[in-house]
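For reference, the structure discussed in these notes is given below.
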Amino acid sequence: MKDYTRMGIQQNSDPHWTINAEINKNYALCDTYPDIIVLPSSFDSTRLQRVADFRSRNRIPVLSWYSRETYATITRSSQPLTGLANRTCDDDIELLRKIADANVNQGFKLVILDARPKVNAMANMANGGGYEDYPNCELEFHNIQNIHVMRESLRKLHAAVRNAAHEDKTWFSDLENSNWLFHIRAILTAAIRLVSLVHNEKRSVLVHCS
């Protein structure tokens, strides 16, 4: 709650965003979200359950960061459950439209930064996941691998560091083989893109992976 206040959002004081302490009370909607979430004021909260049903682990798009000066926002969510049949959810589409509309200076479509490589997002469709193909959004994929790949890369980096303490002849090849710097570069590239969108272009962005 203090973080929302710091960003300038207080109960019943912002015309664009509303602090909702009821929809996720006792973590009833999403057990991995806080019990207090912030949503567009113009969105009907009775539609949120349908949005949750359409998002992996019920992680609906919610506010994470807000600029009082430009109205640009960063929201987060999980992947939509489009599946191979390319299912859609009108409530989900409308929520993203309301998030875009809350940025009164935007005049653009909401940008979705999907952290995954596109091939991974497409593969997730076979397991019921997927990605947004919405008329009111611009979708960008980034080349950040999943947590399992990252964990294995970190394990290899740790091994390379331990080996270098005794024998540094293979340090550079071990570091390269870990792919750690490749992953860090992908993360920083996505972060720079996000900052450029919200700070320089004053646009609102939804960020998610799987």
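For all residues, glycine too, the Cβ spot is worked out from N, Cα and C.
Remember, predicted model here, so these are calculated numbers, not experimental data.
Listed in TrEMBL for this protein:
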DOMAIN    1-210  domain 'Myotubularin phosphatase'
BINDING   Asn146, Ile147  substrate binding site
ACT_SITE  Cys209  active site, phosphocysteine intermediate
Length of the line joining the Cα atoms of Asn146 (substrate binding site) and Cys209 (active site, phosphocysteine intermediate), in Å: 8
The one of Ile147, Cys209 whose CB sees the fewest other CB atoms within 10 Å, among these recorded positions: Ile147
Number of Cβ atoms other than its own within 10 Å, given for Asn146 (substrate binding site): 14
Separation of alpha carbons, Ile147 (substrate binding site) and the residue listed as 'active site, phosphocysteine intermediate' (Å): 10
Averaged pLDDT, computed only over the residues in the domain 'Myotubularin phosphatase' (1-210): 94
